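To keep things clear, I will list the structure first and then write my remarks on it.
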Amino acid sequence: MSPLASSFSFSLSFFLLALLLLSESNAQLSSSFYDSTCPDASTIVRSKIEEALKTDSRIAASLLRLHFHDCFVDGCDASVLLDNSDTIQSEKDALPNNNSARGFDVVDDIKAELEKACPLTVSCADLLALAAQASVSLQGGPSWTVLLGRRDSLTANRDGARPALPSPFDDLTTIASKFAALGLDTEDMVALSGKLYNFDGRGNPDPTLDPNYLTLLRQQCPENGTGFTPVNLDPTSPDGFDSNYFRNLQTGRGLLQSDQELFSTPNASSISLVNSFSNDQTAFFQSFARSMIRMGNLSPLTGSNGEIRLDCRKVNAGPLVLIGFCFAHASDLLPFLQFAMSSEHSGVSIQFPSILFHVFDEVLLHSHRYCWMLNRHFKMRESRWRILIIVVIRHSCCGGIKGLVYIPEDETTASDFIEQWVSICEPAKNKVKSELTELSFAEQCTNCEKEAVNVSLGNLLTYPCSLDRRGAWDVSTISEEGVFLDWGARGNLLSVVDVDFIG
């Protein structure tokens, strides 16, 4: 029978002495990785965990355990979060995780908040690392500086999870060898898993258990019970993070066999560490924090490897498009437009009313003075994704929007160019004038300009124009379905869409 732990000690038991001598890797992680792209990432993660703890006292332990189980299977790459699909066999179904790994809904909630604040920026692997640190500190444990910059895997490794992670059937020697393979000394790592009534395969309990404690456990988990009764692995402080676990081992109150073997195995090198940490909680906290940093550095994906998932449960579908909106006034670009019209690249010299988008290549170079932050941000983005800069040329300065709103429905204009533009933007005007009648004229103009961009997303040939990351003007059309526009502060607005390109 396998009682499920309901306390923070469940995850603490997997770490304890476990991480002390984990060797450093050469991963390029940094504590300042999100300082400019998502400065509130850590705060967002911590806030969502605090919220979850109000209704689930076990969630801190669960999130810590997810980070541990993620890192020990092919490195810290969020592979443990992937669901089953046509091409992926989820690690969630591996024996060490099946019916025990939990907290995935909270991970989803955290990811959703991060995406709202910083689209396509914080990886799920970094989310788990931040969540582990917040979970420990919120439960009274140590804090540490989390190194960041991990990327997410494109697959999972169910078959690799079982041999890599501690099993209820592993003895201390086998468990130690698993961590040694990752650069962890056997005396520093213990995994706690096993069955209360199936200690040696013949139904015998752990012979090192304190008899009184064994009687209590049998009352909580009768032999003919369901096997799903939550039991505290740390009976003295079940919801806290402290060194009481080690004192329990000294008195024979380690719940699982692999718990008690740390202290009860004759001549085991772990005995001295149990004694040390039971007497000095500060020393334990310091060692734990250092080791968590080293564990989090296990074989992370960095640079252009892997991806930043939109949904932690599945790899990104393609084509993924990152759309950036850069706003400029027509008057700002007119000098450059004149240059573009007569450029050798276009091969023609034409007049302004008939400008075609293919002669606008030169504008990209000059628009950087208005969109430099956006373009700089794109260079840090995903090489696998298509990245578009939509340059929205504002018409407010030349009176275009005001003219559109002023035009009566029963009049026409003399200019084909204006007629075409009015025809395209007419739905925007009608929507604004019918739905926002309470606004002032100036406010209606502002909203009409924004709505004109929404209308035109289905026809990028006309307005606005778009640039792909190669510097060429894109004349494709995109589906409006799934497009999210955030009309916040002027400029540098990012949206993420999953659409098919046509053309």
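Backbone N, Cα and C atoms are what each Cβ position is placed from, and that goes for glycine too.
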Message = Of the cysteines Cys38, Cys221, Cys312, which is paired with Cys118 in the disulfide recorded by TrEMBL?
response = Cys38
Key: Candidate in Cys312, Cys326, Cys371 joined to Cys124 through a disulfide, as TrEMBL lists it   = Cys312
Query = Could you state the CA-to-CA distance between Pro166 (substrate binding site) and Arg65 (site 'Transition state stabilizer') to the nearest Å?
reply = 12
Key: CB contacts for His69 (active site, proton acceptor) [other CB atoms within 10 A, all chains]   = 25
Query = Under DSSP, is Pro166 (substrate binding site) helix, strand or coil?
reply = coil
Request  = Select one residue from Arg65, Pro166: among these recorded positions, choose the one with the most other Cβ atoms within 10 Å of its Cβ.
outcome  = Arg65
